[in-house]
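A.B. asks: In case it's useful when we look at the structure, here is the feature table from TrEMBL:
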DOMAIN    13-389  domain 'Major facilitator superfamily (MFS) profile'
TRANSMEM  41-67  transmembrane segment
TRANSMEM  79-98  transmembrane segment
TRANSMEM  104-120  transmembrane segment
TRANSMEM  141-162  transmembrane segment
TRANSMEM  168-189  transmembrane segment
TRANSMEM  210-228  transmembrane segment
TRANSMEM  248-269  transmembrane segment
TRANSMEM  276-295  transmembrane segment
TRANSMEM  301-326  transmembrane segment
TRANSMEM  338-360  transmembrane segment
TRANSMEM  366-385  transmembrane segment
Amino acid sequence: MTDRGEEFSWRSVIVGGYGPNTLYGIAEGAFLPVAALSARALGASVGLAAATVVVFGAGSLLANIPAGRLVRRFGERGALVVGGAIGVLGALVCLYAGWVGVYMVGVFLLGGAGAVFKLARQSYLTRVVPYRRRALAMSSLGGVYRIGLFIGPVIGGLVISAHGLSSTFWVVLVAMALGGMLGLFVSAGDDETAPARPPRVAELVVEHRRVFATVGVGIMLVGAVRAARAAALPLWADHVGLQPEQVSFIFALSSLADVLLFLPAGLATDRFGRRAVSVPAMLLTGVSLIALPATHSVATMSVIAVLLGIGNGFTAGIIQILGADYAPAHQRAEFLSLWRVLADIGMLSGPGLISAVAAAAALGPAILAVGTAGLAGAVALQLSLRRPPGT
């Protein structure tokens, strides 16, 4: 993408660019704390209720490529409106489900709506933001989503206390509807270089195989370590016998460090380059995870939690940044949809790695394995990242 220089204004993307992602974050933040509980209320077993998060993630993963085609056909504005409608439908299905199987359909739809929202926002910002400001734009996209994830449970908790468990899906419904409506504030311009026939997935994979096999492996490892961190901290805290309120405090410290750093991370990445910021951040995350099994108190765990938050904060938006960097203008939506598939596979595999190693050995070795994956991610990014041509 060419640098538009002085033609670009942040004011032009605040509502249409960041509003939908914030609202989707609120919807997801309201939904996730009650996802399993709502399934239990419908008679699901503990194991089936726990699977709601997997169904949600599967909805996002499987919707990525259709979302790319949706953006191609209707543009970013139309895709956001459709994504909002899918989210509203998913919330209604969850709200009125009388059987856990129907409820899972609603959960799947909510995950799919998220894929459409995220891809449309990433495609839009890639199109309108110049390269020299892209990292700040993409890290801010991840930052406002995190803010939404923080706000969502607060609103959901207040609504539940007044109207009961299922009422939180009204919060989800309203947030998804408003997010879709904000899509109308997106400029409708499309790439003039778009080919008449959309590229097939196999063609894209072959054409960009070197990027997918190098940088793509790096972003899969980033996603895996990021998701595993969210599971490793509370699991280890419970393993060493900390109380639930102490676990919440430790996780809050990590999340606070994460949220506070998305703007500095974007500015630093634009100033010093993708590799100069992402590689040290992944090294810090990997080393911190490796050190986590050596902690046995609130104080030592808090130190590691803050370091993990810093590492995660400085990789804020890196998956979106690199996807935007390497996406060809004439195949942007389809390329980004495949990029999101890689990231989602990584995010699903991270907790899976902890589960598999913990089942075969113990929790400590499982966390060490994830930390090693973080170091491998740093190596992959160090070896593969180059400034893409044309930027």
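Yeah, the Cβs are placed from backbone N, Cα and C, and that goes for glycine too.
Situate these features within the shown structure.
C.D. replies: Within its own chain, the transmembrane segment (79-98) is flanked in space by residues 20, 24, 27, 38, 42, 67, 70-71, 105-110, 112-114, 116-117, 119-121, 166, 169-170, 172-173, 176-184, 186, which lie at least six positions past its ends and keep a Cβ under 8 Å from the stretch.
Distant neighbours of the transmembrane segment (141-162): 17-18, 21-34, 121-122, 125, 168, 170-171, 175, 255, 258-259, 262-263, 266, 316-317, 320; these residues of the same chain sit at least 6 beyond its ends, with a Cβ under 8 Å from one of its Cβ atoms.
Long-range Cβ contacts of the transmembrane segment (168-189) within its own chain (Cβ-Cβ under 8 Å, at least 6 residues beyond either end) map to 12, 15-17, 19-21, 23-24, 26-27, 30-31, 34, 38, 75-85, 87-88, 90-92, 94-95, 110, 113, 117, 120, 124, 127-128, 152, 155-156, 159-160.
Tertiary proximity for the transmembrane segment (248-269) is limited to same-chain residues at least six positions away from its ends with a CB under 8 Å from its CB atoms, namely 135-140, 142-143, 146-147, 150, 229, 233-234, 237, 242, 276-278, 281, 298, 301-302, 305-306, 308-310, 312-318, 321.
Residues 54, 57, 60-61, 64-65, 67-68, 115, 118-119, 122, 201, 204-205, 212, 216, 219-232, 235, 319, 322-323, 326-327, 366-367, 369-370, 373 of the same chain lie 6+ residues outside the transmembrane segment (338-360) yet bring a C-beta within less than 8 angstroms of a C-beta in it.
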A.B. asks: Is the transmembrane segment (366-385) in contact with the transmembrane segment (276-295), using three or more Cβ pairs under 8 angstroms as the rule and ignoring pairs under 6 apart in sequence?
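C.D. replies: Yes, the transmembrane segment (276-295) and the transmembrane segment (366-385) are in contact.
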A.B. asks: Are there residues at least six beyond either end of the transmembrane segment (104-120) with Cβ under 8 Å to its Cβ atoms? List them, or say none.
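C.D. replies: Residues 20-21, 24, 27-28, 31, 35, 39, 51-52, 55-64, 66-68, 70-71, 76, 79-80, 82-84, 86-87, 89-95, 97, 172, 176, 179, 183, 186, 333, 336-337, 340.
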